[in-house]
Amino acid sequence: ISKAWELPVSTLLRLTIPQPAPSQWSRFYASANIALCPLALLYACNSFVPLNHPIVFLLPNTLFPLWSVVLMTSFSLAFLHFVMEKEPPKAEHLPVVVVAFVMSVFWISTTAGELVNCLEALGTLLKVPASFLGLTVLAWGNSVGDLVADVAVAKAGHPAMAMAGCFAGPMFNMLVGLGTALVIQTTNTYPKAYELNFHVGIVIAFVFLLLSLMGSLLVITWSRFRVPRFWGFCLVGLYIVFMAVSSVVAIFSS
């Protein structure tokens, strides 16, 4: 059963994500990457440039939609690549690695957006506050990967790497993720100002986050940059208190 649903997903990923390793090179999939990656990136940038944006292409005074121009160009290049390239490259190429990274981010962003839409629909059907779903389902789903990875790295004998991952992952989400989202939203509402309405749950989250970070800074520094066991229990207890307070506020504020 797992192979039945995994096969179409893996095939779709191989069609749109290049394989940098020469041992995994395939002429068909490499040509498909050239044909489909520009279309996927164009779809990702739809908020900045519409898909049907008119462009003069080849013929003067004749306008073609942007997606058709990209489609013809990418499929022509893919056909030439399929005809001319018959042997895998001898080494990895930096542009292929960059495109593979960009397309991986594209699929992660697309999947995350669909999951958020499903979460909003589920909250509407069950009449559950959106803030409560964000505190529970969305937050846990967003962090369970980091939790498993950090625990595995710590058990493997690399506690410093695990500690760095605990703080670097949320920092990346807050600075890059939130910053990029705000830039896109302000661009969509320009020249008007984008009004960010703060919810009381966000203020509570900021307060508990500040307490945990400042407490970790003081305790770890006092312990000569060693994390004592009791502080781990304190952090877990602080999270339980945060969840209880946030759940009560989310339920009564709705």
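Heads up, residue numbers simply count up from 1 along the chain you see.
Cβ from N, Cα, C; glycine included.
Copied over from TrEMBL, here are the features:
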type	residues	note
TRANSMEM	28-51	transmembrane segment
TRANSMEM	63-82	transmembrane segment
TRANSMEM	94-112	transmembrane segment
DOMAIN	97-246	domain 'Sodium/calcium exchanger membrane region'
TRANSMEM	160-184	transmembrane segment
TRANSMEM	196-218	transmembrane segment
TRANSMEM	230-252	transmembrane segment
For the transmembrane segment (28-51) against the transmembrane segment (94-112), do we get 3 or more Cβ-Cβ pairs below 8 Å once near-sequence pairs (under 6 apart) are dropped? yes
Which sequence positions outside the transmembrane segment (160-184), separated from its termini by at least 6 residues, show Cβ-Cβ distances below 8 Å to it? 47, 142, 146, 149-151, 153-154, 194, 196, 227
